[in-house]
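A short write-up of the structure that comes next.
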Amino acid sequence: MSTSLSAWQSLREHAAKIRHTHMRDWFTGPQGQARSVRLTVEACGLTLDYAKNRVTEDTLSLLFALARQARVCERRDAMFAGEPVNTTERRAALHMALRAHPGDGYRALGVPVEADVSAVLAQMERFARDVRSGSWTGFDGRAITDVVNIGIGGSDLGPRMVCRALEQDTEPGPRLHFVANVDGYDLARTLARLDAATTLVIVCSKTFTTLETMANARTARDWFLRHGVTHSDLARHFVAVSTNRDAVAAFGIDPVNMFPFWDWVGGRFSLWSAVGLSIAVAIGFDRFRQLLDGARAMDRHFAGAPPEQNLPMILGLLDVWYRSFLGTASRCVAPYCEPLDLLPAFLQQLEMESNGKSVQHDGAALEAGSAAVVWGTTGTNGQHAYFQMVHQGSQLVPVDFIACLQPHSDLPGHHTKLLANCFAQGEALLRGRTADEVRAEGKADEALVPHLVFEGNRPSNTLLLQRLDAFHLGALLAMSEHRTFVQGALWNINPFDQWGVELGKMLARPIERELEGAPPQPHDASTAALIRRAAQFCASTD
């Protein structure tokens, strides 16, 4: 149990000692320059400045001691070795093998996986090339112009985010669309813009039974059949990412066009697998390989760099420091990079579904807070929305600023303004503004002074990418995966299962039948009343 470790107890005492120390005091004179240099780490084209955190040398020493006592490095090595680190499902968590090079030698539970991974990548490459070149055609012989990815959770968020992030430099190819929600509006508005004869659907569901995905897939199939596509032609317009060959064939998809993946690939870690088929189609397979290469570079860094120079290790330790010892409830992710506007949502699933747990590996209750709420939007938009709370609110919210050194457009002056605002926000959170400084500015009467004071002492990381391309994005995402793993190891929880999503899905099935007219089942009074109201409304509109 992590909370019983001596380093954990020492960190509790240490947190109480420095809770009211202001970071401004650590940035005066030469010590500030030394701190900035000491608390900056570079790897894989990423630079992390974590100097603006509420940590001293003693804090860091204790955090690294906690990592040793919690055996984080040994747990990491077990994950890379393909051991069953997903303890509740007795599975390996070997997403790193998806971006491996020949000879890296990954094994899942002792079984080599390189040949299987290589075979699927080759299948993906052929498919992406055929679709992008126009040699894959629809039923009437025309090239595919639009590809719709139907999936949810990890089968949607990761590919959607990557395609959005890298779309600016993508060579011409088919347009990509993503449908996830079972709300019919999501699918209807997408299909309304498309020509069935030149549309291809990728259905992503490991079991081919996911409720939302299969409801959308069946509706899409009906749409094709209403728009001139025959049952025998459906195979030209559907492919599947799944492991359920029989269900895929029964749906009408040629099993030859089924792209498999494995039970050692968790959904939120799966964009590197066949789940990333939409990415390969959108950006081309060469750039998909670059995405994998960036992730592999970060894998090697995480596996081999000492903890004090290890990006995922440092970030995971800081996350636990704030959540478990300083009591923060959330973390803001602010990419000052418009193409990364979906990154906060991706990280939200990655961290909160992985570590939103209250029991440890052995089933014992966790005695510390886990999985901070991850949220945010792009800068500078966030400055005009929620940054008021981050600067002057009553709760402490650590911020991750993410920026790219190379601009994303040729418009003069925009990128310098973007970077200036990013760096200024971090400085403002650190420094704050005292009442004396407000008075010295001479712009406010005394009654207004308290409203213009900024406490400061609000922590942030700044992560700089050399440029936003496939390689650096791959490194950034793999770093986030490993950061999440470090959090879980420190809390002694399993970051690779998600039992918490199951109960609601199970309860939805009988409710759906009741809404369709089946006899009422036992529910709490509130839920029963909601079902009656919805059923009565539906009946009155029939």
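Placed from the backbone N, Cα and C atoms, the Cβ positions cover glycine too.
Owing to the predicted nature of the structure, the values given are computational and were not obtained by experimental measurement.
DSSP gives E353 (active site, proton donor) a helix state. Listed in sequence order, G153, R268, Q498, V501 are the same-chain residues at least 6 apart in sequence whose CB falls under 8 Å from the CB of E353 (active site, proton donor). The active site, proton donor annotation in Swiss-Prot covers E353.
The secondary structure of H384 (active site), as reduced to three states from DSSP, is helical. Proximity of H384 (active site) to non-local residues of its own chain (separation of 6 or more, Cβ distance below 8 Å) is seen for none. Swiss-Prot lists H384 (among others) with the feature active site.
For K505 (active site), applying a Cβ distance below 8 Å and a minimum sequence separation of six or more within one chain yields L211. The active site annotation in Swiss-Prot covers K505 (among others) and rests on sequence analysis.
Secondary structure at K505 (active site), taken from DSSP and collapsed to helix, strand or coil, is helix.
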